[in-house]
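What follows is a set of notes on a single structure, which appears directly below.
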Amino acid sequence: MPRCDVRSTRRRSTVPTGTNRTTSGTAQQLQQSKGLRVLARTGYAVSGLLHIMIGIIAVRIATGSGGGQASETGALQEIAGTTGGGFVLWFAVVAFAALGIWQVLEAVAGTNGAANDRTAYRAKAAGKAALYLALGVLTLQIVTGSSSGGQKDSLTASLLANGAGRALVAAVGVGIVVAGVYHVVKGWKKRFLKDLEGNARGQVGHAVVVLGRVGYIAKGIALGVLGALVVTAAVTADPAKASGLDAALRTIGEQPFGAFLLTATGIGFAAYGVYSFARARYARM
């Protein structure tokens, strides 16, 4: 069976110098914990489950076969409503926390990537840590019934009430657009393969590549629309326009050929979810 182009990459270690030696070395030692590695990989799988659920909800909305909130919150609420959903969500809290901690250690250790881009790598790892820890907190709020959606809306409205706050919201929107473009480029150019290692071969390896490309591009488009809505909210001082991923996906559905576009985007999110299960197996850690 011919080998696919899921490239095997090895962690390149560097020797920390100066006062960073002890901190970086400690972070590397903590990363050797087998339990942490297993739970962190599981975090990718849980993220995949959320993306699949978001994709399913988006397709339901597009086809008029059901409703729901096409976002992380909506996906978690759907899981919570299933038999055994509470157990799954508690497990998700632990998995997201482990993956967030792993990314914190990646940011501290700084032993991955080329020497000339190590600062950027650390910053990216720190951003991922914040994302996964936030997902862990959101999951905890859902499973304990203490969701703070109203507080978030109130904060957005408060920020949009003054010039400095509107500038901050606009900057966040631009950042989300940039993240969307990054996802599209990463998917189109197959740069996500740099995140993987292992021995995926033949049809399995080819499927990972296809799912990754489709998933990253679809997610990038949705993030781009979301960022544009956030910028619009800042310009118009209308907090209703900064309503999150669900609003972004529904905006896609309101365009010409919207049902088709939203269905395609939903399928793309589901593809990213399946890819995330492969990432749980082949992620470079």
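Yeah, the Cβs are placed from backbone N, Cα and C, and that goes for glycine too.
Noted in TrEMBL for the protein shown:
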type     : residues : note
REGION   : 1-27     : region 'Disordered'
COMPBIAS : 16-27    : compositional bias 'Polar residues'
DOMAIN   : 43-109   : domain 'DUF1206'
TRANSMEM : 43-63    : transmembrane segment
TRANSMEM : 83-105   : transmembrane segment
DOMAIN   : 124-189  : domain 'DUF1206'
TRANSMEM : 125-144  : transmembrane segment
TRANSMEM : 164-185  : transmembrane segment
DOMAIN   : 214-282  : domain 'DUF1206'
TRANSMEM : 216-237  : transmembrane segment
TRANSMEM : 257-278  : transmembrane segment
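Per-residue pLDDT, averaged across the domain 'DUF1206' (43-109), gives 91. Highest Cβ contact count with the transmembrane segment (83-105) among the listed stretches 43-63, 125-144, 164-185, 257-278 falls to 125-144 (criterion: pairs under 8 Å). Of the candidate ranges 125-144, 164-185, 257-278, 257-278 has the most C-beta pairs within less than 8 angstroms of the transmembrane segment (43-63).
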